[in-house]
Amino acid sequence: MPYVGVGAQTVSTSLTGAPMVKAYIAIAASLIFVFCIAALGVHHSERKFNKFNKVSIDDIHKSDAGVIQDNIKTENIKKYLRIFTKDPHVAGTEANKKVAYEIANAWSEAGLEDVHTLPYEVLLSYPDFENPNSVIIKSSAGKEVFKSKGVSPVIIPDEQSGKYAGHQWLAYAGNGSASADVVYINHGTANDFKNLKLMGVDIKGKIALMRYGHGFRGDKIHKAQQAGAIGAILFSDTQDVAQDGVESENVYPKKIWMPNEGVQRGSLMHGDGDALSPYYPSKKELFKGRTIEEAKEDGVLPSIPVLPVSYTTGYEILKRLSGRPAPSDWQGFVGGNLTYKLGPGFVNGEKLSINVHSELRTKRIRNVIGYIRGSEEPDSYIMLGNHFDAWVYGSIDPNSGTAVLAEVARAMMQTINETSWKPARTIVFNAWDAEEFGLIGSTEFVEEFVNILQKRAVVYINMDCIQGNISLHVDTVPILEHAVIEASKQVENPSKRERSRGRKTLYDTWMKVFPDKKAGVPKIRVPGGGSDHAPFLNFAGVPVINFTFKNYTTWDTYPLYHTMYETPFSNIHLLDTDNLSVHKAIGQYWAELAKTFADDVILPMNTTHFASVMLKTYLPQLKTTISGINVSRSDFEDIRTQYALLSKSAQDLLTMSKKFQETIHFTQHSFSQNPYDPKHVNAVNERLKSTERCFINPRGVSMHNPSARHVLFSVSDSDSYSSSLMAGVQNAINSYDLNPTKKGLREIINQISIVQYSVICVVNTLRDVI
C-alpha cells in the first residue's frame, strides 16, 4: 500500500515473496504470528504493515522518490533523443507516424501497460516543397534586384540531410501571391496596430512586415488581415536571435544564436484543435461541423499569403522602406545602425511581391497513450504529457521533452521491477500529435474524453521542451503552487557552478533567478496557451503544471526556435553541455511531481492559498480594470455592487478553506491510525479534485476559441500564448468600449456574476453539507 501511514516498511512486498520470507526468518516469528500477519495482509493489501517498524510515511516517499531519480540516466535520454529526431517529422507525415510508433515501442519495452494510439482525422497544411516560397523585389523598370532563398542551408550534414528540411513556410498561410507597398508594424500587437493608425499610416491593401516576439504569430496575422492587409511577412530581429552579432563566429554552430538564413516556422491558425470540428473530437465517423470556407470567414484560418523570412531578407526590405522613422521602441538591430521606417513603399520606386505555395489537406494524426496503473486508486489519473511532432527535426522543441518523458517511464518501471514501489494512483503517459499546428492532438483528446477527465484526472503535468540551461521555470494554478515549489526542493541542481555557490537544488536557483515580489517565493505565472496543457485547464478544468528550463533573457524563447538547426548537436554542444545534466534534472523533477500526486495520502492542493490569491491579487486587478470603464456614476455603482458581492464570496471561500484545512488535518491523523480505512481520505480528495472544475463555464468565455471555458484563467483573445484573468469580464469590457450600450453594460455585470457563481461553487464543494 504505497501511501500507508506510520508503521509501513520502507520495502513492502507480497506476503508470499522472497523478501517477506527473509523478514520472517530475521525476526524468528512464531507460526501464530506469521499466520496473523498473513491474514492481515490478505485482508487489506499485498503491501505489508508492520507495527514494530517506526519508519514514517515521509521516509517511505523520500526513499522511493530517490530511487526513481537515481534510475534516470542521461545516456538513455541521449539515445531516445537521437531515435526521435533522425528525420524531419511534421504532423500527418509518414515520418511522424514512425516517431509515434517508436515512442510506443520505447514505452512498451519499458513495461508500460496498455500502450496504444488514438487516431484523429484533422485539417493540416503543407507547402509545395518543390517550389519554395519567396520574396521578390523589382526595380521601377521591372528588373529583379532581390529574391529570397526560401530554403535554409544545411550546416551539419550528418544531422540535417533530410529532403526539404530547409523549406521556409508557415502552416495555414493563404495560397497565392501579393504585390503591394510594405508597411512595418513592429510586433503586430493590438497596440501596434492602434499606434500605426494614430501615426496616420494605413495598412489596407498593403503587405504587413512584422517582427516575431511579444505574442502568437497567428494573432499577428489575424489582426493584419482584419486591418485590410493583403499579405504579410514575419522576420526574426537580430536583437532577439543574434545578440552577439551576425558574424559566423557569433552564431550557430559556434553559438546558440540563429544563423543568417535561419527562419522560425509555425502555425497561423487562430484557435486550438481541428479547425473543422470545434467542440467535438475529429473522428473519422463523426460529422465536421465547419467547412474550410467557414473557418476562413470566422477568422480561424487566414486567407492572405504569409511567409517567414530570415533577418538577412528582413534587412533587404527594411533598408528600402520609405516614410517616417518608426518609434524608438519599434527599432531593432537588423543592419546594425539601420533606422527602421514605417513605409508605405520603398524610397526608390522598387516594388515587392510575395509568392506563397500552400495546400490544406485532411490527414490522420495519432496520440500515444500508456499507463502505470495505480494500486489503490486506479481511476485517479496523474497525467504526464509532451508532444512529439516537429516543424523539422525538433531536438529541442519538442523532442528534448519526448526523450525525457520516455526515460521517466523507463525509470519508473525499473523502480517498480526492482523494488516493491507502485504508485497508489494511475500515472498516464501521453505523447501528443499535431501540437505545432494548434494543440490539435491534445485538444481532440480532451474533447473526446472530457467527461471522463473531469471525473478521473487529478492533474496534468506538461513539459513541452527545454528552452535554456539556467533555471527551472514553472507555470501553474494557485491551488498547486505549494506542490511545485516543494518538489523543486527535492531535485539536485544540475549546474556545478550553482552548487558551488551554495544553491544545491532546483528551488535555490529558481528563487535566485526568477524571484517573485513576495519574499521567499519564486515567480509562478498562471499558464497561458501555446502548449498541450491549455485544453486540459481551459476546456476541462483539470489543474495543470507547465514547466521548463529557461535563461534569464529578454527574448521570448531560445534563438533556434522552430528552425532546422534543432538537432542533437544543439542539445549536447550548445544548450546542455554538461552531459545533458539539465535534461536529467527535468526528468527528475517530472518524476518527483508525478510521484507526489500519485502517492500523497491527501492530494497536494491548497484551496486556502487560492482564496488568498483571489483576495489579494485577482480582485484588486479586477477593481483597477473596472475603474477604467467610461460609464456614468449610476452605471458604475451597479458594477461596483456586483464587484462587492464577488469580494464577499471570495472572503467566504477563504473562511471555508481554513475550516476545510482542519478537516484535512483530522483526516491525515485518522489515516495514520488506521491506513486501511480510506473513506475519509477519499471524501477529502474528491472535493479537492472538484474545485478547479467549478470555474468551467460550458457556454465558454471567448467567441474565438471554443476551448476557452475557464472563467478565471482562459487564454487571452488578443494573444493565444498568454492567459487572461477573468477573460469573460475583459471581453465584455472590450465590447462595451467599442459599442457602449445598456446591454453591453449588463453583460459586464453578468460576467462578474459568473465569476462569483464559480467561487460560490468552490465554497459549496468544500462544505460538508449542501
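Quick reminder: no glycine exception, Cβ is built from N, Cα and C everywhere.
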#### Entry: Per Swiss-Prot, H387, D464 bind Zn(2+) 1; matching candidate in D397, D475
D397
### Summary
Zn(2+) 2 binding in Swiss-Prot involves D397, E436; of H270, H533, H562, H573, the partner in that site is H562
### Query
If you measure from the C-alpha of N546 (N-linked glycosylation site), which of the binding-site residues H387, D397, D464 fall inside 10 Å?
D464
## Note on the structure
H387 (Zn(2+) 1 binding site) sits from N606 (N-linked glycosylation site) (Cα to Cα, rounded, in Å) at a distance of 29
### Query
Are any of H387, D464, N469, N630 (the recorded positions) within 10 Å of N551 (N-linked glycosylation site) when you go C-alpha to C-alpha, and if so which?
N469
### Task
May I ask which residues of the same chain, at least 6 positions away in sequence, place their Cβ under 8 angstroms from the Cβ of D464 (Zn(2+) 1 binding site)?
N386, H387, D397, P398, G401, E435, G530, S531, D532, N546, T548
### Message
Can you give me the residues near the recorded Zn(2+) 1 site, meaning same chain, not H387, D397, D464 themselves, Cβ no more than 8 Å from the center of the site's Cβ atoms?
### Response
N386, G394, P398, G401, E435, E436, C465, S531, D532
### Query
Looking only at N175, N337, N417, N469, N606, the glycosylation sites on record, which one has the least crowded Cβ, with the fewest other Cβ atoms within 10 Å?
N337
### Query
Any idea what the Cα distance is from N630 (N-linked glycosylation site) over to N337 (N-linked glycosylation site), rounded to a whole Å?
43
### Message
Would you identify which of the glycosylation sites N546, N551, N579, N630 has the most other C-beta atoms lying within 10 angstroms of its C-beta?
### Response
N546
### Message
Between H387, D397, which of the binding-site residues has its C-beta surrounded by the fewest other C-beta atoms within 10 Å?
### Response
D397
